[in-house]
Amino acid sequence: GNQTLLSGFVLSALSKHPELQHLLFFTFCFIYTITIIGNLLIFMVTVHPSLRTPMYFFLRVLSFLDISTASTVVPKMLVSFLSEDRSISYMGCATQLYSVIFFAATECYLLAAMAYDRYVAICNPLRYTIIMNSRVCLSLVLLSCCSGNVVSVVQTAWVFTLPFCGPRKINYFFCDIPPLIVLSCTDTSLYEKQIILATALVIFTPFCLILVSYACIISSILKISSAEGRQKTFSTCSSHLMVVTLYYASGTLIYLRPKSTNSQDTKKVLALVYTTIIPTLNPLIYSLRNKEVKGVLAK
């Protein structure tokens with residue numbers, strides 16, 4: 001434990017084939033560049049006066065979270081592709097774990113807030129501006145951030161009170177809960193149950209709220225007489241549903257069995273989905289499938 005505290009950890013390579021390191025570097029460097037440019041573009045476009053609605057306010061916050069999540073993981077991963085030194089300090093690992101959990105948990109709650117926004121817009125259109133006023137929107141974002149902070153503080157504190165022994169090598173490309181508790185030389189069964197409970201609070205609770213919101217939305221859409229009207233209304237929700245499905249599914253598969261060593265490679269792929277791929281897809285989904293955003297971009 002003292003040795004780990006002094007020397008930190010060593011992250012494993014994303015691929016075991018050295019000849020692929022440069023190819024992976026350029027691939028993920030390109031993905032990261034697209035993530036930054038795409039989300040910054042969405043952030044700037046949605047400031048346009050014609051897009052100053054609650055939906056685009058939440059979208060700006062989502063873009064910020066996507067940039068933050070990718071920036072917490074990808075730069076360190078890019079350095080590891082070109083360097084044999086893949087070490088990370090004890091405090092650096094704790095900081096990275098806290099940051100990843102904070103941004104990911106906050107995004108889970110924010111996606112639920114975005115679903116509620118769509119519910120109000122479609123089911124109560126005449127009262128939309130009254131219900132979703134600026135104070136309510138800001139409160140939902142702050143509540144998401146506070147909830148994410150509580151989850152990340154508790155999880156990070158619990159992980160780093162575990163005694164680490166044996167090899168310091170983390171079988172992962174960043175500091176996350178599943179590979180870290182594998183390094184612990186104590187019984188972690190109680191902690192694993194706590195992770196499952198946290199997963200329920202962070203993923204299943206917002207997801208249930210999203211399901212309820214979309215059940216009401218679909219019920220309202222089916223009452224629209226014209227097929228064109230139904231299609232137009234549903235198109236405003238389909239982008240959000242795509243993001244929710246990808247994000248919640250990857251998180252659930254990673255954290256429901258945190259100490260399953262047989263699926264570490266699978267968990268690496270799933271972790272890549274929510275830390276690098278989804279932050280890249282979000283601006284593409286929300287811009288290419290949104291006529292208002294494309295209109296402002298054209299201007």
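Note: Cβ is positioned from N, Cα and C throughout, glycine not excepted.
According to TrEMBL, the feature transmembrane segment maps to 20-45, 57-77, 97-116, 136-160, 195-222, 234-257, 269-288. Sequence annotations record features per position, and here TrEMBL assigns domain 'G-protein coupled receptors family 1 profile' to 38-286.
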Within-chain partners of the transmembrane segment (57-77) [C-beta distance under 8 Å, separation at least 6 from its ends]: 11, 14, 28, 31-32, 35-36, 39-40, 42-43, 46-47, 88, 96, 99-100, 103-104, 106-107, 110-111, 113-114, 117, 137, 140-141, 173-174, 274-276, 278-280, 282-283, 286
For the transmembrane segment (269-288), distant same-chain residues with Cβ under 8 A (at least six beyond the ends): 28, 31-32, 34-35, 38-39, 41-42, 45, 59, 62-63, 66-67, 69-70, 72-74, 100, 104, 172-174, 176, 239, 242-243, 246-247, 250-251, 253-254, 294, 297
When counting Cβ pairs under 8 Å to the transmembrane segment (195-222), the leader among 20-45, 97-116, 136-160: 97-116
Local confidence of the prediction over the domain 'G-protein coupled receptors family 1 profile' (38-286), expressed as mean pLDDT: 85
Non-local residues, at least 6 beyond the ends, that sit with Cβ under 8 Å of the transmembrane segment (97-116): 55, 58-59, 61-62, 65-66, 68-69, 72-73, 140-141, 143-145, 147-149, 151-153, 155-156, 159-160, 174-177, 180, 202-203, 206-207, 209-210, 213-214, 240, 243-244, 247-248, 251, 274-275
